[in-house]
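> What follows is a single structure, and I will ask about it in a moment.
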Amino acid sequence: MKKRGLIKGFGVLATAASITALSTSVAFADTSFSAKYQANAAEEASLLQTAQSSTVTTPEISVLRTTVQNINAQVTSLYNAEQTLVADEPSMPQMNPQSLNQQIHNLEQRRHQLLKQTQVEWRYVNKFFHRPDRYDEEQFSHYKGVWTDFSSQLMNVDKQLETLMNEKKMWTESPYGGGLTSLQNAILKLQSASIRYTRDWISLEQNGGSTTTSLPAPTNLTASDVTTSGWTVSWTGVSGATSYDVYINGSQAAQVTGTSYTFTGGMPGTMYNVTVTAVDASNNQSPQSSPISLMTPIANPYTVPTNLTISNVTSSGWTVNWAAVTGATSYNIYVNGNLAVTNLDGTSYTFSGQNPNTTYKITVSAVDSGNQSAQSTAATVTTLS
C-alpha cells in the first residue's frame, strides 16, 4: 500500500515531459477550459502556500516537491502555447466531431445498401446480354435505367464520403481541431496531477513522512446503462475510504464519494478500460482495482443479436448461443456488464473456469467494421454447485 500518488511521483519526475502527451476520452463538464484552468490554478496556489509553510523534510517530500515544480512548469509552458493557438483559432471553421463521424457512418451504411442494389440490378442487365431472347427492349431499358440510377447515387455518395473524410483529416491534423482540445485536456490533467501531488506533499508533512495505509483495492467493478456516449460503473465500497478515484484508459477521470460513477460525452463504438482506487481521510490511496473493459454501441446500431440460449451448464461454465446477425463480422460477449469476449467469429461460445453456484448475466452485441450494436436482451445462468 502506498501514500496516494507517492510512487507515481517518482515516475513523473523521471518522465515529466511525456505527461504532455496524455490523451483521454473523458469529456469535461460544460464549464469552459479557461474557467477550469483558473479554478485549478487558484486551488494549486492555495495548496502550495500550505505545503511550503512546513519545515518537515523527508526524501519522499523532496521527490514530491520536485515533481510538483516540474509539472507546474510544464503547465505554464503548455498554457502559453494554448493561448497562442487560441488567438489564431477564429479563422478556423467550427466542427462537431461526433456529428461528422455520424454523417460518415450514415453514408457508409447508405453506400453498402446501394452497392447491394446496384449488384442486383446489374445481374438483370447482364442476363439480357447472355439471354436476349428472354427480355424485350422495354424490360432491358427498365433494368438498365434502374441500374444507372443506383450507380449514379453510389457515385454521389462516394463523393460525399470523400469530402467528409478529407474534412475529418484536415480537422484532426489541424492544431485548432482535435489538437487544441487534446492540448487543453492535457493541461487540465497536468493541473489535476499537480494538485494531487501537492496534497500528498501536505499529507506527508502532516504525518511526519509516514506513507503507510491499509486500504485494499475496490472489488466487483460492474458496468451498466451503456449507451452510445456513456455508461455507469459501480463497485463494492472499501471500509475506511472517504472517496474513490476513477481511471479511464489509464488516466484519472474523476473523484467521487459514492461507489458508482457515470461517464458521459463519449463517442459511439469506443473501447474503455476502467479501474478504481480507494482514498482515505489522510489522502492515502489503495492500489488500482482489477480493470473492466466495455465498448459503447454505435449511434444507429446494427440489428441486436436475439434468441440467446444457455446450454451445457456445469459447476465451472456453460455454452451460450444466439441467432446470427446479417452483416455482422464478429460478436462481443458481456458477462455481468463487463466485456468478456471480443471479435468472436461464430454464434456460440463456451465459458470455463467460472465459480460454482454463481449467477451470471450474459449479453451479446454484433460488430461490423469496428462498429458495435446495442447489447442483446440478457440471458441468465447459474453454475452448478
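Just so you know, glycine gets a Cβ as well, placed from its N, Cα and C.
Quantities reported herein were computed from a predicted structural model and do not represent experimental measurements.
Straight out of TrEMBL:
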DOMAIN    217-299  domain 'Fibronectin type-III'
DOMAIN    304-385  domain 'Fibronectin type-III'
SIGNAL    1-29  signal peptide
> What mean pLDDT score does the domain 'Fibronectin type-III' (217-299) have in the model?
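Taking every residue of the domain 'Fibronectin type-III' (217-299) together, the mean pLDDT is 88.
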> Mind tallying the domain 'Fibronectin type-III' (304-385) by DSSP state, helix then strand then coil?
0 helix, 40 strand, 42 coil
> Which numbers of helix, strand and coil residues does DSSP report for the domain 'Fibronectin type-III' (217-299)?
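The counts are 0 helix, 43 strand, 40 coil.
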